[in-house]
Amino acid sequence: MNLKLEHYSKPLNGNIQITGSKSESNRLLILKQFFSNLTIENLGNSDDANYMQKALASEEEVVDISHAGTAMRFLTAYFAVADGRETVLTGSKRMKERPIKILVDALRSLGANISYELNEGYPPIRIQGNKLSGGKVVIDGGVSSQYVSALLLIAPSLENGLELKFEGKITSVPYIKMTLGLLASIGVKVKWTDSTIFVQPQKEIEDTTAIVESDWSSASYYYSLVALSEEATITISSYKEHSLQGDSSLIQFYKELGVTSTFNETSLTLKKELPCKNHIEFDLVSAPDIAQTIAVTCFGLGISCDLTGLHTLKIKETDRLEALKSELTKLGADISVTNKSLHLKASTGINKDVLIKTFDDHRMAMAFAPLLLKTSLEIEDANVVSKSYPDFWKDIESLTK
Ligand SMILES: O=C(O)C1=C[C@@H](OP(=O)(O)O)[C@@H](O)[C@H](O)C1
Ligand SMILES: C=C(OP(=O)(O)O)C(=O)O
């Protein structure tokens, strides 16, 4: 279903309750398998969290997690230690193009029995679960932090825990810290010194309730709306000032784009109040999921930007650098990309009634939607948003009706 967005130019006001973070949800769902007295509140309603729950409840041999990267990576580690269970873990066409070799090699070095069903290094994979004892493992941390989080999530269940040593640079670090933060919050002992993470083995935890914070990546679309508006006050909830989610760096990034953020307990009010810079340079190596939002905001504001630290974007739901280039160009942008950066020149106008292709990527649909404050446009396959934020269009409508 394509969705036409009419140009909307009135002030924006409203309150939005955003669903629980998909990243926190999918970590806690894995941890609950090991610690059944862990209670999870405010679990996200994203497709990715639903696929994770279905996979964990499944007794079938073939488990399909569709587009959910976290489910693919975390379940690879989880099924590797599911003693006696044989699982074929598969996903969407795109998932079969998203690399998994670094994680599989690390698990194999710990004794896991995993083979490739189609192409070496990519899903689907066949996993013969067995008892792993843990110990030392070395991993390349520069391609996806999800491989690291996957290992850390099973680490307490391993007899010897885990001593995980990084080789080379580490990408998307806040997501690794989120995993360690959640482990620590349920009582697991973790330590990160220099290039090594230590996780102690743990059989049981005290009764614990984890409350999932709302999704900060989803919050980015409201930051963009406020930045692109003439006048706006939008309150989003439920958020924490000290979040486990690295995308809470939106607060600092969008200050430069004119948006103030004020906490009132668990609600966060966004207002268009500050002067906006006419050029920005952001390194997004710690916050890759908000790159599309920021690029589109800059285009809508008519300002230039240089975004770096984007090497992981090429292996996400689509090649996000190429997707941004093609769709922003259709709207009239002067944009160039490398395999790890994006460069946008200041634009003077925006083309009307352009059909934005989404390439099975929820963030393409959601990142372009705020341009309705500048022009009329059409979003292809609008339901794609359900991967992380099923209520997105309903919430946007509540602000613009
Ligand atoms: O661990 C996580 O929950 C995530 C890590 C990031 O992936 P990379 O580490 O591959 O950049 C991010 O893009 C993804 O949406 C969620
Ligand atoms: C990259 C993303 O998801 P995943 O890697 O978990 O599929 C995302 O949600 O932007």
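All positions are counted from 1 along the displayed chain.
Every residue, even glycine, has its Cβ placed from backbone N, Cα and C.
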Binding-site annotation, TrEMBL, phosphoenolpyruvate: partner of Lys22, Arg98, Gln146, Arg320, Arg363, Lys387 in Gly69, Gly181, Gly187: Gly69
Candidates Arg27, Ser145, Lys316 (binding-site residues) with Cα within 10 Å of Arg98 (phosphoenolpyruvate binding site): Lys316
Listed binding-site residues with Cβ under 6 Å from ligand 2, out of Gly69, Ser145, Ser172, Arg320: Gly69
Cβ neighbours within the same chain of Ser172 (3-phosphoshikimate binding site) - under 8 Å, at least six residues apart: Ser144, Ser145, Gln146, Gly246, Val285, Ser286, Pro288, Thr312
Filtered recorded positions, from Lys22, Arg27, Ser145, Asp289, Arg363, Lys387, whose Cβ is under 6 Å from an atom of ligand 1: Ser145, Asp289
Number of other Cβ atoms within 10 Å of the Cβ of Arg98 (phosphoenolpyruvate binding site) across all protein chains: 19
